[in-house]
Amino acid sequence: MNRIYLDHAATTPVKPEVLDAMMPYFTQSFGNPSSIYQVAQINKKAIDDARETIAKHLGANTNEIFFTSGGTEADNWAIKGIVEANKNKGNHIITTKIEHHAVLHTCEYLEKQGFEVTYLDVNEEGVIDLEVLKAAIKDTTILISIMYANNEVGTIMPIKEIGAIAKERGIAFHTDAVQAIGQVRIDVKEQNIDALSLSGHKIYGPKGIGVLYIRRGLRITNLIHGGAQERGRRAGTENVPAIVGIAKAMELAYTDFEVKNERIKGLRDKLMNGILETIPYSKLNGSITNRLVNNVNIGFEFVEGESLLLLLDMNGVAASSGSACTSGSLDPSHVLLALGLPHEKAHGSLRLTLGEGTTEQEVDYVLEKLPAIVQRMRDMSPLYEEFMKNNQ
Ligand SMILES: *Cc1c(COP(=O)(O)O)cnc(C)c1O
């Protein structure tokens, strides 16, 4: 059976070019970048080059790029580091109800430490209201952290406008751009972003590597104390192969950017519209227009998401319901609930995220299989039976 992978928002395969770029740094070029002999200096140069590549694609300066162990660490550093460094100015944080757990759980932790957090509502598409954001700002607000694009429903936030509001009020603005990278063009200066998180494995790079962009002059505490790596802010011998890998992945993400994303968007629309047209009582979650090019998220009434995933898996399709982190628990997705879906509809949602390797045949296969799978599940549902009885 062919395996069809439609869970690129959870993780992506490492591209062969990325792996090729990384390989020499495991074996031949193994020196410690902090040492002064030549084999080590090659590694220092590799890190510098990687930093430059990342900086270029974000519109940042090289000395504003810091490598971390992933998106989660970058989010933790940004949020804890900014509030710790600015706590003499206030204790209030503004974020949204639909952030990734790396942000939400960090904020909940900070609440226990005495910080006050406002979790902004979103509309049914998953976008915050800028007027509500403005009204939420207090004299004590020291951080606004709002994700660039949502990992479950793919909604893109008005980042430049949020950045402008934060800048005007002198408040630090962090954005988790883990899902957005490679699908939108980012310019941290133009968009008034003070801190931005990235992850390697969501853009066909390795796992366990991420980036935090920190605007020069932003007040933020150092994350890990030790050696002088990452300008003393995040100590520890650098993961050189992974750093080279994330930079290569970033470069490739913005190579043939338009053509690649247009193709994926075309397949996404075919998949999305095909499902909505052929399966009754199905509804798109999120926005039709303001959406990542690779994201499909559809709710099916009278269907339980986890069982749907199992049946899809038996048919060779890897997908997700809610986020990968909430799969396996029975809590409905906090994102879908924030979009206003009732519990049972949040439970019956399916996320299909396409990737660069996704083919039209794969989309056709899902469109062929899914209606029968959904129908089979509905045939076992007492709720559906009752609904059909009442609607005949
Ligand atoms: C995957 C993801 C993260 C976490 O990144 P890791 O590198 O897996 O730690 C954070 N935020 C969003 C939006 C994500 O999709």
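Glycine is no exception: its Cβ is also placed from the backbone N, Cα and C atoms.
TrEMBL annotations: computationally assigned, not manually curated.
Summary of the site annotation: TrEMBL records pyridoxal 5'-phosphate binding at GLY71, THR72, GLN179, SER199, GLY200, HIS201, THR237. Screening the candidates ASN43, ASN151, ASN273 against this entry identifies ASN151 as the one listed for that site. In the three-state DSSP scheme, THR237 (pyridoxal 5'-phosphate binding site) is classed as coil.
For the binding-site residues GLN179, THR237, the ranking by surrounding Cβ atoms (within 10 Å, all protein chains) places GLN179 first. Residues within less than 8 Å, Cβ to Cβ, of HIS201 (pyridoxal 5'-phosphate binding site) and separated from it by at least 6 positions along the same chain comprise THR11, THR12, VAL14, GLY70, LYS207, GLY208, ILE209.
Listed in sequence order, the binding-site residues among GLY71, ASN151, SER199, THR237 whose CB lies under 6 angstroms from an atom of ligand 1 come out as GLY71, ASN151, SER199.
Per-site Cβ counts within 10 Å over the binding-site residues THR72, SER199 peak at SER199.
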